[in-house]
Amino acid sequence: MSLGLVGRKCGMTRIFTEDGVSIPVTVVQVESNKVTQIKTTETDGYNAIQVTTGFKKRSNVNKPMAGHYAKASVEPGRGLWEFAIDNASDYEVGASIDATIFEAGQKVDVRGVSKGKGFQGGVKRHNFATQDATHGNSLSHRVHGSTGQNQTPGRVFKNKKMAGHLGSENVTIQSLEVVRVDAENGLLLLKGGIPGSVGGDVIVTPAVKS
């Protein structure tokens, strides 16, 4: 895994190229990511750096986490994230990582938590077809129908597509293009859409696929 950044989704807009082509982009605000811990094979069994970003009131931080931040001499952030990298020892606790690790034209992967839709039926959740609107059908227009067989096997198989909770899952969008890097304002402009609601945290890393 490569070094990445934790940012916050600001929403979508569009920018125009010099020849008038409109490009839809998602704006990701990247506040300074502070290194809170260096993990190595000798001490933790793997190499990684732990980072935090944002701000959290000290009154909302429990004592163990307050001690963790104090040990790193870093102000409490809104969470902790890790990036598994081979050269973790090249970084120091308290160091800052900003949007300049990316450049325009680079491909990145973006991970986030998809929008929660609550409990949904099979038509919306799994794109099932609806049943007949008329011809003797009553109250079953959007029912998913049979879920299994009869006495054998006498049960519903695991992973059967049925109604249930939709969204609020970890989703990765791969190979999005970095259209622009605004280091002064801490912004990344990524071509296309990314998972999650406005204000949600996203993790941006170099693309694993070219």
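Cβ from N, Cα, C; glycine included.
Per-class residue totals from DSSP over the region 'Disordered' (133-152), listed helix then strand then coil: 0 helix, 1 strand, 19 coil. According to Swiss-Prot, the feature region 'Disordered' maps to 133-152.
Residues or ranges marked as N5-methylglutamine by Swiss-Prot on the basis of sequence analysis: Gln151. Neighbours of Gln151 (N5-methylglutamine), defined as other CB atoms within 10 A of its CB across all chains, total 5.
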